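S.K.: Per Swiss-Prot, the features are:
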type: BINDING; residues: Cys347, Cys407, Cys410; note: [4Fe-4S] cluster binding site
type: REGION; residues: 418-442; note: region 'Disordered'
Amino acid sequence: MGRTLAEKVWDDHVVRRAEGEPDLLFIDLHLLHEVTSPQAFDGLRQAGRPVRRLDLTIATEDHNTPTLDIDKPIADPVSRAQLETLRKNCADFGVRLHPLGDVEQGVVHVVGPQLGLTQPGTTVVCGDSHTSTHGAFGALAFGIGTSQVEHVLATQTLPLARPKTMAITVEGELPDEVTAKDLILAIIARIGTGGGQGYILEYRGSAIEKLSMEARMTICNMSIEAGARAGMIAPDATTFDYLEGRDHAPRGEDWDAAVAYWKTLRSDDDAVFDAEVVIDAAELAPFVTWGTNPGQGAPLSANVPDPASYEDASERFAAEKALEYMGLTAGQALRDINVDTVFVGSCTNGRIEDLRNAAAVLDGRKVADGVRMLIVPGSVRVALQAVAEGLDKVFTEAGAEWRHAGCSMCLGMNPDQLAPGERSASTSNRNFEGRQGKGGRTHLVSPQVAAATAVLGHLASPADLSDTRTPAGVR
């Protein structure tokens with residue numbers, strides 16, 4: 001019987017298999033940041049162990065870093081301590097680190113791919129749930145806990161139970177206004193935030209194959225929001241073109257050999273998935289969330305749902321609590337929801353294509369009065385590219401704030417936060433209560449919807465703008 005993509009990569013990395021025990025997998029790339037690594041290094045220090053594979057380990061600073069005045073001391077003592085601890089640990093153990101101010105610094109899941117460290121057929125781990133991002137390359141990538149971080153640092157392996165596999169097939173053409181962010185939000189709304197629990201998701205079909213690499217990263221990034229262990233997309237010419245020439249990509253004969261292997265990383269025709277979901281791309285539309293989890297979303301053209309319409313009691317209760325927290329009324333048009341802040345950035349939508357798409361909507365327009373808009377590139381490299389293309393000027397001339405690279409408003413762990421009751425349209429990945437700051441209210445959107453929302457001051461798509469200019473950009 002044939003094997004799925006996930007099964008092929010998994011099998012290639014098993015270094016020990018015993019009946020009744022989890023498989024022991026070799027890990028090809030271990031990414032670190034300041035939040036989940038301190039206790040792991042402490043464990044190594046107490047046991048007198050070194051980092052086993054320094055060549056497969058890399059760290060960056062992202063979660064707690066400020067996006068303004070980065071040359072000044074960090075005010076928050078906890079954030080400052082975590083960054084100082086990471087720097088000391090990396091120096092003590094010899095781990096490569098890209099700190100705040102370094103040209104390669106940025107959000108960990110942006111840095112790995114742009115350096116060519118993330119490659120098809122590899123295993124990638126990080127103490128961060130959105131490690132699934134790297135699955136866009138056909139890598140098996142997943143977030144791990146701090147004790148597992150220590151285990152990988154010490155052994156370069158990880159004992160894991162083999163997940164099931166789910167195929168999510170998206171066929172057809174995405175409508176002009178529909179982006180990868182809209183697609184993944186629609187998928188999560190369809191299968192639910194627990195629909196992928198225990199599975200590795202494989203996104204496939206003609207609509208997926210037509211996506212750029214950065215759009216594919218957006219899709220895989222949010223796999224965890226459906227409860228999945230990981231998300232993957234089979235590598236193809238788009239993948240190879242993205243990787244070729246990057247800092248850590250193979251070269252010469254090694255490149256040819258790598259591509260030959262990468263081309264085998266597809267699910268066999270006779271592979272059997274444990275579950276399958278099929279989606280018609282033509283039926284999709286710009287999508288936004290209205291509630292307090294990524295599965296509580298709807299097309300922008302819809303109204304806030306009535307909790308009474310849910311047959312399941314737990315879903316009905318969750319909807320009631322979400323509307324109460326979000327300050328919304330059942331039946332209210334989503335387009336009538338005003339926002340205070342718009343955030344473009346994060347490991348979901350902080351790459352150069354995302355900034356290009358937002359800039360294409362903002363070009364020649366102004367952010368609405370009373371709306372604060374933050375544009376935060378996912379890495380210093382992304383920022384430099386945006387400046388080279390003049391995107392920063394488009395943003396600032398529109399009235400948006402152009403910031404330094406970092407996780408920023410994706411999570412309330414740095415100075416970029418919502419105030420209680422403040423409402424945002426955000427290109428990030430989570431809309432939990434307090435995710436962007438205590439009492440903050442978050443609507444997840446695409447970069448294009450974020451930009452249009454900033455201009456009009458309420459949830460909107462580029463089609464809602466008063467002129468007929470068609471925004472350029474890459475889906």
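Every residue gets a Cβ built from N, Cα and C, even glycine.
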S.K.: What are the other residues, in sequence order, whose C-beta lies within 8 angstroms of the center of the C-beta atoms of Cys347, Cys407, Cys410 at the [4Fe-4S] cluster site?
M.R.: Asp62, His63, Val107, His109, His130, Gly345, Ser346, Thr348, Gly350, Gly378, Gly406, Ser408, Leu411, Ser428, Asn429
S.K.: Looking at Cβ-Cβ distances, which residues of the chain lie under 8 angstroms from Cys347 ([4Fe-4S] cluster binding site) while being 6 or more apart from it?
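M.R.: Val107, Val108, His109, Val110, His130, Thr133, Asn221, Gly378, Cys407, Cys410, Asn429 - these are the non-local Cβ neighbours of Cys347 ([4Fe-4S] cluster binding site), listed in sequence order.
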S.K.: According to DSSP, does Cys410 ([4Fe-4S] cluster binding site) sit in a helix, a strand, or coil?
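M.R.: Its secondary structure by DSSP: helix.
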